[in-house]
Amino acid sequence: MGTASSMVSPGEVIEDGYGGEGGEACEIPVEVKPKARLLRSSFRRGPRVIGASFKSTASVDLEYAAEYERLRKEYEIFRVSKNNEISSMQKKEAKLDEENKRLRAELQALQKTYQKILREKESALEAKYQAMERAATFEHDRDKVKRQFKIFRETKEKEIQDLLRAKRDLEAKLQQLQAQGIQVYDPNDSDSDDNQTTVTAAGTQCEYWTGGVLGSEPSMGSMMQLQQTFRGPEFAHSLIDVEGPFANVSRDDWDAAVASLLQVSPHVPQALWSNTVRCYLIFTQETKAELDIFIKKHTSVLRRICESLGHFYLNVFFPEENAASYAVERKQEIERSSLCVLLLKSTVPSSVVEDCEEAFVKNPDGRPLVLYLRTEQDHNLNGPIRQLLERVNAADKAAKIKVVDHSGSAEEGASLIYAQLEKIIKQELLGLEVADVESKDSGMDEGCEEDSGDVLWDLHDEQEQIEAYQQACSGTTSQLSFQKYIDRLNDMIAAPPPTPPLLVSGGPGSGKSLLLSKWIELQQKQSPNTLFLYHFVGRPLSTSSEPVLIIKRLTVKLLQHFWSISGLSMEPSKILEEFPRWLERLSACVYSLLYIFQAEKHMKWLIDPLPVNVRVVVSVNVETCPQAWRLWPTLHLDPLSPREVRSIVNAVCQSMDLKLTRDQEKKLERHCRCASTCNALYVTLLARMITSRSCGLLEKSLEQCLQCQDTMSLYRLALKMTLNSLCTDRERHIMREILGLVCASHNGVSESEVLDLFPEVELPVLSSLLYLLNRLCIVTLRCGLIRFQHLQAWEAVRLEFLTGGSSSTTYREKLIHYFNQQLSQDRVTWRVADELPWLLQQEEDKPKLQLSLLNLFVSQNLYKRGHFSELLAYWQYVGKDKSSMATEYFDSLKRYEKSCESEDSMTRLANLYETLGRFLKDLGLPSQAVAPLQRSLEIRETALDPDHPSVARSLHQLAGVYVQWKKYGNAEQLYKQALEISENAYGAEHASVARELESLAMLYQKQNKYEQAEKLRKRSVKIRQKTARQKGHMYGFSLLRRRALQLEELTLGKDSADCAKTLNELGVLYYLQNNLDAAKVFLTRSLEMRQRVFGPDHPDCAQSLNNLAALHTERREYEAAEDMYERALDIRKKALSPDHPSLAYTLKHLAMLYKRRGKLEKAVPLYELSLEIREKSFGPKHPSVATALVNLAVIYCQLKKHSDALPLYERALKIYEDSLGRSHPRVGETLKNLAVLSYEEGDFEKAAELYKRAMEIKEAEPSLVCGNAPSRHSSSGDAFSVRGPAPLPHAQR
């Protein structure tokens, strides 16, 4: 079908086919709409009425024209919009093409970089393998060279021994010639006899010791046996500059040393004799009521106070009726006493006058004194009382005697005496405040805030060693010809390093300990800059003979020198394994001597050859010396000569006002000729035995003694003679019982324990018996315990008293019963913890041993005193492994927790949980250690307060477990919480805060966050230094004062280099004590003496000038400081090489002084010269050179020489970026300085860019709890900022 136009012709009439009748006709136009359009139009018009007609043609045309125009416009609009879209799409397409090309280029560059890195990685791996091959070759060559050197050394040692032997032969011949009257000229001969030793000034280089002493290096001692070398003025050149009062030492370093010394050195109270508070009571019959009430009611309280702190308490008094028979014992007890109390009323017996004269008149300043005077109303003092009080008052010039004047009842008087004694014991003898003692839990709970370190000291072990050394040094050695042995020891020590250990051998009792103690004493005087370590090994099975405890003690002594104890392990096997490594580390920085007495079976750790600067001397018995050691250099003690035997016997006789006849002397000389009868112990014991009797019985005693052919038989005879000398059977029984108890115990028994075990024994009887046994070299008092003086004495007692009906088991059962009674009374002292488990182990009673270990306070006491290995050995003996032991402890704690209700009991429970956690951590069980430590934390937060310092301690310990577990994130959060609590509780400058900072620093170091760690460590050091300077916390500085006094004694001679050096050391020591006036006196004397001895242009004079200038700078006397720095600089420029470190430090300090005073023009050449020296010393790309560049650029900026400063800044920035990394804080500081320089030159855009980068580095730097601090490559005052003018001379430093 076609369209309508194709079906009709123009002009035709179309009729409506739908209507019945025709309609109106219309003319169809030529241009018509499409059919569909027409149909729609007709439909819109509605149904057509029959007979209607179409509209006119004109109206249709108009309508179509309008419609067309509208459609045309719509089309145009559509066409334009589409064209715009096409144009936009074309632009996007072009842009995407460009981006695609750029990305393809970057991809190609990354592929090239990847290929380059891959090649570098392969090269690095290849280089690594080559390095490993070279290392293996080097190791093989080193072992080969080591073997060759050992052979060479042994050959040379043999040659040296031959030469020394020849020397001794020549000396012997020389002596023979002199004895025959032939005079031999010796230019080095002196007037001193054979036994005299010249003691050089402190700090003087010992003639047989190479190196070791550096220019004016002060030394400081720890206790009596340790001499350490710390940093002194200008002792070495450091890669990191340290600003300080002297050219290369800062007071901070010294204060940190003293603070660390306080942490690791136990403080042994000097007022206590052998760890015992001995209260000597002088009374009359009229004041006996007060004494009885005091002993009955108050003594137990004082004893509990002392025992809780690890000391004994003993009342010493002699009744008036038998005091005269104990004159010697009374005098000895007064000398030993810690304090004396005099109780008077109206009468004064002669014994009271004698004791008062000895204690109150002759030595009123030797100990605290209390005078109790009971007066009555309307009653004046009689003549004897008044005279005695006047003498006491005249002797008390310092008014130190505390007087208690009482007129009331005896009970009130006893209470007043107790109150006075309690105050004296707590504050004067033990150095504690009342609150400190009251806060202690029973059983020596030392859970104070400082008890959180990893190294736990046993005060008693340390004091035992100190007393053993003191007793050996005080022994009679003048009668023994030790000088020849000392000279030979010096020769052996002087052998070229490395050397094997040196042996001092001899029979039992030959005097080895006396010799070495005397030698150590001389060495400490002659070589104060040498570190001396020693250990006396006691009888078998005693604490001092435990190998792990020996090595642990020596290791801690070594670590004292490093000012740190953080690296010490508690595990026994690791302690034995790591000790040689610590010894080797020590040898790199200090000369050290190590002495171990009688230790053949404890030296498995010994290495051969030793480190270069270490010498080890071992005392051994001839019979028990291991075969492998016999090849080492050995000094053998020969038997005593007849002259030495006579000297010893005559000295003992003179002390007792006796004199042997000629026949008796000949008998002794003939008897003491074999090896067993001419050793020092045998002769001393023999002399004391024959002089212990009266003159009438001396001949009989001599005959009996001469029948004994060795020391053992002589000791047994001494025991029999002592028994026979006692008056009653009861006294003999007491003597047997005491010696049996000492023999059966672990470490001995105390006097108070003997009095508890035998209530019928009176103290005068016990004191007299101990005096007699001590005189016969059988027993001694050491650390408050009765012990055997020698191993032979112990063996003689065992053979004499414990082989018949009595046995060690009987005495052990008595001790077990006694200590179990104390345990049932909740008195867990260090003695209970030491003795009870050991006794049960010796009795092989495993069930009771396990029960004693499960007494939580016993295990806590052992652990907190460092007896970790001993506690572990007990559990292993019981048959428990680590896990089952932890389970037992945890179950026991749960049972104990059910009985805890009060706040004090909950506090003790928290302490027990903490101890268990630390114990498990040291066992290497961190997963099991977490639970008890968390429980301890929960208890403390609930029972005390969430901000209590004890909570910080729990957090600290728990963090330590997480560190061991390598959960560093958890540990960091806990350490920060502990730090916050400590700061809130104690302030920002407390030792606890320093401890937390150190722990955080170690944690960051483990995570390789060295910058953060260094900042924390610096803040910790500042806190340690400040607390160490505070008065009242100055035990470490008392060592400095003691050293200063020693040096002062050595400066009284003529002018010499050594004396001038000593004066310089004294000035340094007084400076460190903030005594600037005294420091100035000694430094000035040192300078004047050096100018007289060396001349004014000697480098040592420059050293004194430099130190004096530092002192004047400290006092803000800048003109005098500037003059002395300039004089020191002139001398050092002439005397030293241009790149000498001392010259560089003088330049730096003088330049800083110029800058401080605003003399910038003078400072410039000094900074330039300092830069040259650093470039020569460190190389042009070292960070220290960059620091010097920045300092010089800052000066140029302040002088407005921007063109000179810019290249210096740019070079420093390049060095910092290459050596420290682009994000290091030093880079940010340099960028900030460059930004300021660009801003001043008007280049604002560059300044903004540099400053933006500097701020990005600063923001990227991790925020630390300690705030901002200089980096580890900088030093205080070494790098300056360009902002702000130079400080004026009067400004705060």
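Positions of Cβ are set from backbone N, Cα and C atoms, glycine also.
According to TrEMBL, the coiled coil annotation covers 82-180.
Look at TrEMBL and you will find 272-431 tagged as domain 'Nephrocystin-3 alpha-beta'.
As annotated by TrEMBL, domain 'Nephrocystin 3 helical' applies to 643-801.
TrEMBL lists 812-1050 with the feature domain 'Nephrocystin-3 TPR-repeats region'.
Under the heading region 'Disordered', TrEMBL lists 1-20 (among others).
Per TrEMBL, region 'Disordered' is recorded for 1265-1293 (among others).
Cβ atoms under 8 Å from those of the repeat 'TPR' (952-985) belong to residues 447, 449, 451-452, 454, 910, 914, 917-918, 921, 926-927, 929-930, 933-934, 936-937, 940, 992-993, 995-997, 999-1000, 1002-1003, 1006-1007, 1265 of the same chain, restricted to positions at least 6 beyond its ends. The repeat 'TPR' annotation in TrEMBL covers 952-985 (among others).
As annotated by TrEMBL, repeat 'TPR' applies to 1102-1135 (among others).
Among the features that TrEMBL reports, repeat 'TPR' is placed at 1144-1177 (among others).
The annotation repeat 'TPR' is assigned in TrEMBL to 1186-1219 (among others). Per-residue pLDDT, averaged along the repeat 'TPR' (1186-1219), amounts to 87 for this model.
Annotation comment: TrEMBL describes 1228-1261 (among others) as repeat 'TPR'.
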DSSP residue counts for the repeat 'TPR' (952-985), split into helix, strand and coil: 31 helix, 0 strand, 3 coil
The repeat 'TPR' (1144-1177) - residue tally per DSSP class, helix then strand then coil: 31 helix, 0 strand, 3 coil
Helix, strand and coil counts within the repeat 'TPR' (1228-1261) (DSSP): 30 helix, 0 strand, 4 coil
